[in-house]
Amino acid sequence: MDQIPWTTYFERELFLESTTESITIVHHAYLTSPVGAAPLFVTHHGAGSSGLSFAALTAEIRKRLPSAGILSLDARGHGFTKITPEPDTLDLSLGTLSTDLLSVIDQTRIKMGWKELPALILIGHSLGGAVVTDVAKTGKLGSSVLGYAVLDVVEGSAIDALQSMQTYLSTRPLGFPSLESGIEWHIRSRTIRNSISARTSVPALLKHDEEMRSSRQWTWRTDLAATQPFWEGWFVGLSKKFLEARGGKLLLLAGTDRLDKELTIGQMQGKYALQVFPEAGHFIHEDLPEKTAMVIVDFYKRNDRSALVLPPKVSDMLRAGKKV
């Protein structure tokens, strides 16, 4: 199965550099700029994934909103984002990832010469859902954020699922003899249930290691087992933040059994929009990009303030000599 290049989906890639006292990080991101007053959909992938996880969804969003922009980053330790010097232990704490996302958004604005941010819809899958919710809760993006969408993660079920994470990792291949076999494994194991998306997103998950003496020279870019110290911190308090942050709220799940008590009550109170796709796996946006795009574009339209037309003030009508 041949891979599909990122240029099929995005207009450019960005390399956004920032420096702290101890490291320099160059965030890699994919961008298609919004046109005019169109929104920018900002995506954050889950642990072990990459910005190309949203490529197929990007194409479907732009079929419905041709002027929309998409910004999809590779988180630190993922995809083609680089840190120098390479740290002994990777900081993937929620606070760090949220700061990274804010930095990438602002650096993109500067690099593209935008005087101000376009209207934003934040979209996060799994760990990415926790990151975009945390960013929304900080309020640091101000009124730019129209809303945020969280894909297949809620606090209760995520924390429960962490118990079986090591079992999952122990059953996953350590590597593959070729890129094509890596793509095929993702489809055959139903990790990703859409071959178009798998051919696009899987290549960014693997790297070629010529020094490997085994036949499996294509290995994982991200050591998921090494992220274990951060797992619980990603999800504790997620439901409360999701319900309390400002902006429209959308939750897409692959099954209603994933709802925890707090979100069940919030749903009954109409605090957020809920969409369930029981035919999808965990990677909803890769398995069902068309259906996911329809829901997200509809969510944007319902929260688009530019579409609001306020009635004229009575005082203005009187001044104009109109009868009231």
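Even glycines carry a Cβ here, placed using N, Cα and C.
What TrEMBL records for 42-293 is domain 'AB hydrolase-1'. The annotation active site is assigned in TrEMBL to Ser126, Asp152, His282.
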CA pair His282 (active site) / Asp152 (active site), Å rounded to integer, equals 6
Fewest other Cβ within 10 angstroms of its own Cβ, chosen from the active-site residues Ser126, His282
His282
Any idea what the model's mean pLDDT is for the domain 'AB hydrolase-1' (42-293)?
94
Packing count at Asp152 (active site) (other Cβ atoms within 10 Å of its Cβ)
23
I'm trying to understand the geometry here, so how far is the Cα atom of Ser126 (active site) from the Cα atom of Asp152 (active site), in Å to the nearest whole number?
6
